[in-house]
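Below: the structure, in structure tokens.
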């Protein structure tokens, strides 16, 4: 582990630099370069330890990202040949390449209908790499997608609708926690795609809420090393307070009021109703209701676990969770009351 830390810092720095370079780029070519730098950092994190399952997931991820990068680079070359320019803010360039750019970014994001690789790839990763894939790795492609999505609303509508249904149905029969959270990510991406057509600030707020809630949930799962959904009812090293922390995080991710996760969905619902996209809103709500089913299933498993604890396990829990309880209480309170901080920021953004 000591030998791993310096390399981990180096690879994480590459990921952060690549993302920041990409989202601040004025041209598509430099944005593509930033995505490739980010890819190099994340791939080395995946494959450095040499574990078989992570190496397999790394190869899958490399193939998919290479395909997405190839599509994006081809689009950039078409822009250059047709208009002699690849400025991100020049919307006239999207007439010939908008479909290729959107499909390439969908592929990099793992958004529907290019989602097929995400569950199996995430299932073979460690919790830390899963957290990076579900959060940080989505920032740059999503922000780039925001520049194109509202210029091709039909494809965006289709992707948002498919993502809501696929994410809801796909997670119902999952027994692997990582794959289940991958389908959850697909649903949340569909909500972000739906909001990207109307309001940039709503999309950014939803993304911040999703990143915070997902990071807290992965932190909890990393602390307790849970990989199968059956472990929610058989894992007996937890104390009697941790199930309630987990339930609050899950319900926040599901978008239940008054938790932080409800803020993003509430803003998207408001925008869709204001622009009269009722059918899309119904599809998103149906998909979220299906995802709520498996969120509640995991929560009930935790409740059953809490009822089944006995005194020997409580002694073990005191030893293994003494340092975890304060941090998890803090994270849970951040999830519950985080919208108090974000709402003023939203009002400031809308007035500027």
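First residue shown is number 1, and so on along the chain.
Positions of Cβ are set from backbone N, Cα and C atoms, glycine also.
The domain 'NADH:quinone oxidoreductase/Mrp antiporter transmembrane' annotation in TrEMBL covers 25-290.
Taken from TrEMBL, the feature transmembrane segment covers 32-52 (among others).
Residues 28-29, 32, 35-36, 39, 42-43, 46, 85-86, 93, 96-97, 100-101, 103-105, 107-108, 117, 120-121, 124, 133 of the same chain lie 6+ residues outside the transmembrane segment (59-79) yet bring a C-beta within less than 8 angstroms of a C-beta in it. Sequence annotations record features per position, and here TrEMBL assigns transmembrane segment to 59-79 (among others).
Under the heading transmembrane segment, TrEMBL lists 99-118 (among others). Counting residues 6+ beyond its ends, the transmembrane segment (99-118) has Cβ neighbours under 8 Å at 28, 35, 60-61, 64-65, 67-69, 71-72, 74-75, 78, 138, 141-142, 144-145, 148-149, 152, 155-156, 158-159, 162-163, 166-167, 182, 185-186, 189-190, 193 in the same chain.
Feature annotation from TrEMBL assigns transmembrane segment to 180-198 (among others).
If you look up TrEMBL, you'll see 204-223 (among others) marked as transmembrane segment.
Taken from TrEMBL, the feature transmembrane segment applies to 244-268 (among others).
Positions annotated as transmembrane segment by TrEMBL: 274-306 (among others).
Per TrEMBL, the feature transmembrane segment maps to 327-348 (among others).
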